[in-house]
There are 2 protein chains.
Amino acid sequence: MIRYKITFAYDGTNFNGFQRQPKQRTVEGVLTSKINIMAKKPQKTIEVFGSGRTDSGVHALAQVAHFDFPFDLPTEAIYRGLNSMLPLDMEVLKVEKVSDTFHARYDVSGKRYMYRADLGEFSNPFKRNYTGHWKFPVDVDKVRTALTDLIGQHDFSSFVASGSTAKSNVRTIYDAKCFYDEAENEINIEFYGNGFLYNMVRIMVGVAMEIGAGTRPEHDVLRLFDVKDRDQARLTMPASGLYLKKVYYEGDDPEHPTKLPKF
Amino acid sequence: MIRYKITFAYDGTNFNGFQRQPKQRTVEGVLTSKINIMAKKPQKTIEVFGSGRTDSGVHALAQVAHFDFPFDLPTEAIYRGLNSMLPLDMEVLKVEKVSDTFHARYDVSGKRYMYRADLGEFSNPFKRNYTGHWKFPVDVDKVRTALTDLIGQHDFSSFVASGSTAKSNVRTIYDAKCFYDEAENEINIEFYGNGFLYNMVRIMVGVAMEIGAGTRPEHDVLRLFDVKDRDQARLTMPASGLYLKKVYYEGDDPEHPTKLPKF
């Protein structure tokens, strides 16, 4: 068996999330089915291991997965074969052969997420599936303050949705930044960290936007770290604005800081 | 009755075109239903008159329509009322009171259409509903030559789909241009003319792209004008790449040339 690592993008709008489920159209389900067709339907189904799940409606600009394939095909053949079979809302960007010790999920060293918040008064018809709509005035500097407070190693218990199966809620955010895109009238927020809990990005964005809108005190993030109470973080921003932008692995990660930034 | 002119955008993906049809979700159908709810369901249904139809999957950045409303409401009230009721894939951009001689369709002096052709090797998941995919190499200068040949007053019989009910196929194209968007790897084509026949823009783009790809001679447009044979224009580009960008009316049209451009 040859282990392949694939990097791929998908528009999450018409997927019921990542994880394979009976009778649901999921990212893992579609990928698994096409890979097994390429392998001429082996007796034992080839399993696909993603770097982690994304929720229904969440997009990926560069998700990563691995699988073991019975034939030693050139990466170019896997690339073309898969892309010719995949539906139009999914595209393989890169295929690599990797050692059979590589694991797309266990070897993750970091992830980068992006959130697009549309500030238009009414929801833009062309952005409804690709942004989260935020119709209140926002002070971008205050959003930035909130994001800076989120950087570092913290217990994110206030920022995790119920249903999380993580043993620990401690995670490290290496970088969190935002900019206002004037042409699009959007706030664009990015988080880079060693891992993210269930709904954590969407909850963090909601808190940062409320701080930006002035409905929360400027340093409320610090209080939320202390109280460890998800109910006090309230809002979960819509899935439609969230993009998994990059998955980092040991060795291929030049942006990974060796020390936490001072702040 | 007060006559209102509205300018509105829609994402055509989930509409069965513009024109009202029983049991189909259409732009006109949705608009008519919401306007009649706003008017408290008058005995005689308020009709909505669009500047013209768009096909299933075709988008509008600024479509125009008019309707007669029983109450003299401020334009701001119509604007907010409609936007709060419309589905997320439609947005009213502007509301104006107009004289009751104004007609959104009969008074049109020109229209501007835009076409986005995605040149990626495989269809981009995020663009599948917003571009037409063109996977062959294209010489942008040749596309430009084809577009220049299309400018002027011509019989567009080779560029109209069967099913057209137009009495004459003579139309004038004031301007036709394209540029290559390197960041998006797209060719963006625009037509500005006094009117467009059924599927005419999508057929013209197909011919221009084939000329750009070298599968048609450089000045084949001139031959197609002569032969007046739609079969020889072959391809109709996908609806997903087409946008109605602007509708022009007498008086509000600074771009409308008084004479045809020299070429």
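Using N, Cα and C of the backbone, Cβ positions are placed for all residues, glycine too.
Whatever TrEMBL says is automated annotation, not expert-curated.
TrEMBL has this to say about the protein:
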type     : residues  : note
ACT_SITE : B:Asp55   : active site, nucleophile
BINDING  : B:Tyr113  : substrate binding site
DOMAIN   : B:9-107   : domain 'Pseudouridine synthase I TruA alpha/beta'
DOMAIN   : B:147-250 : domain 'Pseudouridine synthase I TruA alpha/beta'
Can you tell which of the recorded positions (B:Asp55, B:Tyr113) has the fewest other C-beta atoms within 10 angstroms of its C-beta?
B:Asp55
Residue distribution over DSSP helix, strand and coil in the domain 'Pseudouridine synthase I TruA alpha/beta' (B:9-107)
26 helix, 24 strand, 49 coil
Can you grab the distance from the residue listed as 'substrate binding site' over to B:Asp55 (active site, nucleophile)? Cα atoms, rounded to a whole Å.
13
